[in-house]
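Here is the structure we will look at.
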């Protein structure tokens with residue numbers, strides 16, 4: 001059953017982490033007085049006193065909640081394959097999960113390296129480069145993580161025998177590269193959100209669906225067809241993932257401006273940005289209903305995903321109330337992570353239940 005990895009999601013998202021500057025793009029570079037106020041506010045919010053402990057810095061540097069973006073596309077893609085053809089390969093699933101986590105680790109570490117190069121992370125204590133005191137070690141660890149991730153991905157490709165899988169997953173990784181790495185750095189042009197949507201939605205989710213093709217059925221390759229169910233599922237996954245990135249910009253507008261990063265919130269401001277979040281959440285559930293009505297998604301998905309409405313409302317209420325408060329709004333991305341994980345769990349669960357004749 002492709003719900004095996006879903007049980008890991010609460011471990012990734014339950015502890016809402018204290019303040020952690022955005023993992024991708026260029027981190028905030030504040031004036032000393034602003035930085036001191038932000039530190040004091042974050043300390044008060046998390047119940048800490050004085051200087052942050054090394055354990056706290058390591059927790060923030062690890063960014064464990066963000067790894068739900070590796071878990072959800074894989075689980076939803078695998079559930080889509082199970083829903084369509086009853087196919088699920090547990091060994092392949094867990095190796096792909098490890099590979100996806102390694103690729104996300106590469107994204108996080110390389111982002112810290114490039115932010116260190118630009119000076120954007122000069123005052124970011126939880127930067128991995130600042131914690132270990134070595135750019136070279138961090139960069140080497142990022143490269144090793146990527147190579148190990150590639151090993152897992154190509155092993156899965158050999159097992160599946162479906163070139164569409166490896167092509168789409170490499171396109172997703174390329175989106176991550178041009179988002180943050182020189183000479184592209186498309187995040188500076190405000191293109192991070194479209195790249196995020198494409199990478200984790202249509203590309204990664206559909207790729208992981210194709211990873212469940214098999215060369216062992218009837219001694220020949222059995223390729224999964226592209227279905228409206230996996231397309232609909234990938235759009236919803238892409239939308240919830242993009243919300244995480246968008247909300248991570250709220251408290252970083254000053255820092256983004258200082259380094260010339262024209263994120264969407266730099267362009268429109270927090271007031272308009274908070275309304276965009278409202279529209280995005282509304283669109284998420286409107287699309288869910290539309291996909292259910294046109295039978296792109298089974299009824300089980302519609303019912304279970306609708307149960308996440310309170311979490312969606314929590315995101316909306318929090319952003320509308322706190323979008324001007326840098327000491328609080330950084331938590332918005334973690335509420336979005338929670339919505340992303342819970343919505344993904346509901347979506348995958350609905351696909352599995354429908355395959356077994358429940359609310360099909």
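In case you wondered, yes, glycine gets a Cβ from its N, Cα and C as well.
These numbers come from a predicted model, not from an experiment.
Ranges compared are 135-157, 296-318, and TrEMBL records transmembrane segment for 135-157. Among the ranges 71-92, 93-114, the one that TrEMBL lists as transmembrane segment is 93-114.
Outside the transmembrane segment (332-354), and at least 6 residues removed from its termini, the chain residues within Cβ reach (under 8 Å) are 1-3, 6, 9-10, 12-13, 16-17, 22, 65-66, 68-69, 71-73, 75-76, 78-80, 82-83, 229, 233, 236-237, 240-241, 243-245, 247-248, 250, 277, 284, 297-305, 307-308, 311-312, 314-315, 318-319, 322, 360. Just going by CB pairs under 8 A, the stretch in 135-157, 191-210, 230-251 that sits most against the transmembrane segment (163-179) is 191-210.
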